[in-house]
Amino acid sequence: MANNTTGLTRIIKAAGYSWKGFRAAWINEAAFRQEGVAAIVAVAVACWLDVDAITRVLLIGSVLLVMIVEILNSAIEAVVDRIGSDFHELSGRAKDMGSAAVLLAIIIALITWGNAAVEPLSLTFFANPRKI
């Protein structure tokens with residue numbers, strides 16, 4: 001499938017495809033909707049917190065990472081489901097790995113937010129034990 005569009009037209013079309021992807025994820029994936037609502041709250045909290053810019057970027061970035069991985073997981077599931085509804089070991093493995101990736105992204109977000117929450121208490125997750 002050749003795509004001969006270039007320049008601004010290509011960018012506009014790509015943005016349209018991206019919007020369709022967001023819309024499809026929101027309409028068809030309950031987990032994406034839940035994470036989307038949580039992300040809106042988390043971004044608002046991150047902007048409200050009295051933290052430095054790097055910490056704020058890490059907090060927001062960790063939440064966006066969860067949403068990115070959820071979209072990729074949903075894409076994997078859609079492709080596997082498109083191939084067929086019959087059980088196949090590789091199909092199950094692909095879906096399980098996508099789910100594991102989402103779990104790892106959530107763990108990263110929890111560690112990031114947990115570290116930011118306890119940092120004011122000088123109990124950081126990655127603290128140097130000699131400094132405590």
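Cβ coordinates come from backbone N, Cα and C, glycine included.
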Which range of 37-56, 57-76 is transmembrane segment, per TrEMBL: 57-76
Largest CA-to-CA spread of ATP binders R10, Y17, E29, E77, K95, D96, angstrom: 34
Integer Cα-Cα distance in angstrom, Y17 (ATP binding site) to A25 (substrate binding site): 12
Candidate nearest E70 (active site, proton acceptor) in space, where candidates are the binding-site residues G16, F32, E77 and distance is Cα-Cα: F32
Cα-Cα distance linking G16 (substrate binding site) and E77 (ATP binding site), given in Å to the nearest integer: 22
